[in-house]
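Enquirer: As annotated by Swiss-Prot, topological domain 'Cytoplasmic' applies to 1-52, 99-185, 263-485, with the evidence given as a curator's inference. Summarising the annotation, Swiss-Prot assigns region 'Mediates interaction with STING1' to 1-271 and lists experimental evidence as the type of evidence. Annotation comment: Swiss-Prot describes 1-41, 324-358, 462-485 as region 'Disordered'. Among the features that Swiss-Prot reports, transmembrane segment is placed at 53-73, 78-98, 186-206, 242-262. What Swiss-Prot lists as topological domain 'Lumenal' is 74-77, 207-241, and the listing cites a curator's inference. Taken from Swiss-Prot, the feature domain 'DHHC' applies to 134-184. What Swiss-Prot lists as compositional bias 'Basic residues' is 475-485.
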């Protein structure tokens, strides 16, 4: 079953649906571990698929009718070319087809294991997917990133494309080219055979004597209704309607096979052009009804925030991550004149894009003073500018040195400092219980928010040269309005 994580990335997890079943639930006590089906090594493993038998029967029918009946009826100067061209194509198709069926496309670590014993039954109560973190829970081996577990073969296939029922084998990285050569050779051979059958069928009504150039027909000049088949090795007498019926049946089957093989070949050419596999194409074009589970998981991921909402969310998160003494209330509105109600608080327990859910302790009754100089200075910490300008028409600038004692009295100290060259983890900073410094926080912001810092900073003539801390708002005493103030 195809799944997506809540960060909109397709996961490398494929669970069997039909061939691998889960044990029925017992009313009391855990059920004993049962054994599932065995893994199939290649296309010769038992049982054969019905479409595989149909493919072999069609190959025999085309070969017998083409080489035994139709090609010997061609004019004598065309017979050698007919045998040579069609024989080479049919022989080449047989070789690549047998090779594609015989190759084991499983992952290298799976091939190193023994196929003797059956695999355990997949239990969905213990694992959500068969492959998790590049480890197959059924094959019990580490697999590559492009490997998928085939439910029909019950094994992990490297570079999985699809399970071909005509080959009764999976098509993966090891036999994909052989599969394409098999399809192309089959299409070319059927096209030539249809052309020969059409010529014989039409020429029988136009000039049947052109079909009787073989030396065996010289003794039957007065019996035009008698024909020979399987020339020249084992001539067998037959009637004209039988040859016409076989030629018409071959034309119909050949046209049907040409349409199917041509569509399949064009489809795989399209996939190669776009560098996709059949599995990836099916997943991308899966109808929306089958992706309801994915949408339900995506609902828990917060939507993309605007820059102002992003700053507010950072401030709330820093407040949550900073330990406070028990019994002490959170920061209230420091300056109601310069405060503004915040956006609605996120739902407690909402899961972010990675990591455990963040429980934000926020009082809905108290507005968030998101423009308060105290909170801005507390969030910036040592990276704050020397002066904080109020909104236009609302008083002069406020020096940060006068605000720092008020910050310490109200318990709005800056977050814990981190090393300057700290390596930022791949998970978002909001999902970790560690407080990151202000420059790290700004690097985590959106490009639009970072642009606001640079736009105001470059307006100052005393902007320091670009270096390790060039993104931080250091203005060397300049009274510049900070963003969102």
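These residue numbers are counts, starting from 1, taken along the chain as shown.
Just so it is clear, glycine is given a Cβ too, placed from its N, Cα and C backbone atoms.
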Enquirer: What is the three-state DSSP composition of the topological domain 'Lumenal' (74-77), stated as helix, strand and coil residue counts?
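Expert: Grouping H, G, I as helix and E, B as strand yields 0 helix, 0 strand, 4 coil.
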Enquirer: Under DSSP, the topological domain 'Cytoplasmic' (99-185) has how many residues in helix, strand and coil?
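Expert: For the topological domain 'Cytoplasmic' (99-185), the helix, strand and coil counts are 19 helix, 20 strand, 48 coil.
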Enquirer: Do you know the DSSP helix, strand and coil residue counts for the topological domain 'Lumenal' (207-241)?
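Expert: The composition, in the requested order, is 12 helix, 8 strand, 15 coil.
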